[in-house]
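A.B. asks: What follows is a structure written as structure tokens; I'll ask about it next.
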Amino acid sequence: MDRIRIIGGNKLHGTIPISGAKNAALPLMIAALLTDETLILDNVPRLADVALLQRILGNHGVDIMAAGKRPGDHEYQGQTLHISAKNIIDTTAPYELVSKMRASFWVVAPLLARMHEAKVSLPGGCAIGTRPVDLLIMALEKLGAEISIDGGYVIAKAPGGLKGATIEFPKVTVSGTHVALMAATLAKGSTIISNAACEPEITDVADCLNKMGARITGAGTPRILIEGVDKLHGARHTVLPDRIETGTYAMAVAMTGGEVQLSGARPELLQAALDVLSQAGVSITPNNDGIKVARNGAGISPVTVTTAPFPGFPTDLQAQLMALMTRAKGASHITETIFENRFMHVQELARFGAKIALDGETATIDGVAKLRGAPVMATDLRASVSLVIAALAAEGETMVNRIYHLDRGFERLEEKLSACGATIERISG
Ligand code: EPZ
């Protein structure tokens, strides 16, 4: 299994190109199941999760062609996928595939909307909490689906097609909103989703669906209105930049000191996180090409942060912020409200000498003057990258084990960081 070796202590200087967002690319690829014409997606990141979803879609009969690089393409340019779900040959998504990636459960929505049936394995447990799918099932039932659960599979049927409805989510859910949105595009009549998630990835998917002929208004607000249409067609869409990757590298620069241009980043996608970094004493300058992040001389000030749905501080940056605050001049408080078990990184950060106390949903981090490198490993994607951030500022060597989590969500992490002066290498095998 690959590992990453980091020698800490170098400041970061240079430019980091920001890739397309994983959490938009995945539902966009799934949305291709809604049409028998080709959906072309540009700026798709080269990630293990994207490759796995290609296999999962392939199992339904979807053809995917990845275009190669063209002369003049930037070395970091994302890939272009041509996705054609002309013939759906199988409406079952098996346990072996769905259990590897939760988001693949979302295929239930387009399969049901277009084929009027789907049999999809329940995704099962997950390192960051129980993560049920009850609200996704509720949304599909509201749209007229008959749903039963048998042998670990959700069996969904809508013999006469789905029908528009009012879906009110009792709590904000990104997965629930994606599923309701995709399913409602082909339902008869109009659908209202209230208390919808407002995450930029939802808006990106809605924009793409509208290019495919859907009639969606209000995406990006808590009330989304969808007028169902009979058919969707092919389209071309560019995946928006990854706000979590952007925030992660901003925190890495804040941690090490130095100055880095995050090229292609869009500040409005992560304003809450940028505000927290400014509060911590980091200089954040939006410009034409993205965001410049710098920390020169001064130390890191402690902060108090609570995670919340967009536009609040994202749970997907909580672990990275915690790593940063291990070096703050004083005590920080971080409260996690989205997932109940998303503190797996706390024990691992302690291996660097960090002082973190957990009390229910809140972590109190007492900043220390120095971190020391250590062998570490993590059980989820964002937790893993928080260890990389700590290692970049720690004295001596860190070995990050089990990095397949990182490969799921960060494209060329070690290349991007070493180009800015970090001593970081992948050790294969
Ligand atoms: C998405 O997960 C992201 N994944 C997550 O990113 C992200 O952390 C999360 O949204 C919150 O922003 C993708 O986009 C692929 P939810 P999702 O439905 O959609 C509860 C990463 O590292 N809930 O908004 O699964 C749930 O348990 C990842 O890239 C129910 O109770 O999150 C949680 O407490 C990890 N019943 C809360 O809602 C349901 O039926 C929010 O979950 C569904 C969700």
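Cβ coordinates come from backbone N, Cα and C, glycine included.
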A.B. asks: Can you find which of I155, I291, I338 TrEMBL lists as binding UDP-N-acetyl-alpha-D-glucosamine at the same site as R102, R131, P132, V133, D134, L135, D316?
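C.D. replies: For UDP-N-acetyl-alpha-D-glucosamine, TrEMBL names R102, R131, P132, V133, D134, L135, D316; of I155, I291, I338, the listed one is I338.
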A.B. asks: Would you mind reading off the Cα separation of N23 (phosphoenolpyruvate binding site) from R102 (UDP-N-acetyl-alpha-D-glucosamine binding site), to the nearest angstrom?
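C.D. replies: The Cα atom of N23 (phosphoenolpyruvate binding site) is 12 Å away from the Cα atom of R102 (UDP-N-acetyl-alpha-D-glucosamine binding site).
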A.B. asks: Identify, in sequence order, the residues in the chain of D316 (UDP-N-acetyl-alpha-D-glucosamine binding site) that are 6 or more apart from it along the sequence and have a CB within less than 8 Å of its CB; answer 'none' if there are none.
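C.D. replies: Correct list: I244, R382.
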A.B. asks: Below 8 Å Cβ to Cβ and six or more residues apart, same chain only. Which residues does that give for K22 (phosphoenolpyruvate binding site)?
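C.D. replies: Once residues fewer than 6 apart are set aside, K22 (phosphoenolpyruvate binding site) is near P45, L47, D49, V50, D242, I244, R408, G409.
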A.B. asks: Return the residues near D134 (UDP-N-acetyl-alpha-D-glucosamine binding site), defined as same-chain residues 6+ apart in sequence whose C-beta is under 8 angstroms from its C-beta, sorted by sequence, else 'none'.
C.D. replies: none
